[in-house]
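In what follows, a single structure is set out as structure tokens and then discussed.
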């Protein structure tokens, strides 16, 4: 096998193993560690640390360690989070959440740098276009990586379905499920009863082993690219320069108008994985169904991301944003009006399925929009994207334990409405500045559509 392709596959399967564990754990936090809101508090801290990490750490760490060892060390931060869940308390989970958040940004940056350099080196040797090879490498990576959400949640559902705590949920308990939930940290319904410690330890053991395997795979089989440090030193600006460029970019009116839309991505993902999974799925069906629900979301999300990336050049982004807004609004209204009932099993999967369709639009088209509007300042623009989406996650997880689900649903809906108004203003400004350019309209929809924002 060609050496560069081998390295791409090593990184791809390393990330697959690592995020199989992380995606499963993230989906379960609000249900597994519900006491005093520990689970969602840990996620809030995690995304706050990721925000800071994105601003300062990647250039420094990659310059000191090189790409290979940055990836390996950052992966260890994810393993620490899995281990912290074995004895979940404020003294273990919050510090390990901070460690994971700080390691997240260097991990993704090092991966991008490594694949870019590997593609460039191979293109030079083979006399091919560097852009084509790099796109091919990223395509291979995401093809493998995107399935991690499916495997992680499948593992959790298969293990937790062995629980002996499952039982019929009484009508009285069901009354406490849904948007107007009356569950507290100390009163759980039959459906949300915590699985036995042995099952939880088995699940965490599988996740931790998956993370350790990812680290070993990278350490043993990934080659250190000789030119990566030189490339990093040449291309990366000092961290304070990146930080100032990010702040300076806020002088652009269009960037300010896109803040609500970018933050909404964090709000809506946090609502589905934190609130819907706990107050609807875990409460009415049991924690073992959370994984199946998230598989439905992740699978449809991945398929639609691929589809929207291809059809956006024909439909235009405005139509796709309108579709996502209508679907998300419909889901939120359904959540507010519907009383969860185990007999209506299909509804528990239809909502996350439709949510996956709309989330695919938010991810692909918002990324593309940033790439097109801020073509000359992409680094500062995408730093703002990561910053404001992370802020959305932090706020949503921070108030998660303080408010009832119906209030949180109204907040998400309000942010969505505001997002669409400010997005409309951006489109108006664009149309005003470049009227009568149909060619530009076609070009505008072909931007990048990676889903790295899911961390």
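Cβ coordinates are placed from backbone N, Cα and C, and glycine is handled just like the others.
Curation does not apply to TrEMBL; its annotations are automatic.
TrEMBL tags one of the stretches 263-281, 320-338 as transmembrane segment, and that stretch is 320-338. Packing against the transmembrane segment (199-222) from elsewhere in the chain are residues 6-7, 10-11, 13-18, 20-22, 24-25, 32, 68, 71-72, 75-76, 78-79, 82-83, 85-86, 152, 155-156, 159-160, 162-163: each is 6 or more residues past its ends and has a CB under 8 Å from a CB in it. Taking every recorded stretch in 94-117, 286-308, 320-338, 383-401 and counting its Cβ pairs under 8 Å to the transmembrane segment (344-362), the highest total belongs to 286-308. Across 39-57, 94-117, 137-160, 407-426, stretch 39-57 shows the highest tally of CB pairs under 8 A with the transmembrane segment (383-401). Non-local neighbours of the transmembrane segment (94-117) in the same chain are 7-8, 11, 15, 22, 41-43, 45-54, 57-59, 61-62, 67-68, 70-71, 73-78, 80-81, 83-85, 134, 137-138, 141, 225, 227-228, 231-232, 386, 452, 455; each lies 6+ residues outside the stretch with a CB under 8 Å from one of its CB atoms. Sequence-distant contacts of the transmembrane segment (320-338) (same chain, at least 6 residues past either end, Cβ-Cβ under 8 Å): 178-179, 268, 276, 280, 308, 312, 347, 351, 354-355, 357-359, 361-362, 365, 405-406, 409-410, 412-413, 416, 420, 423.
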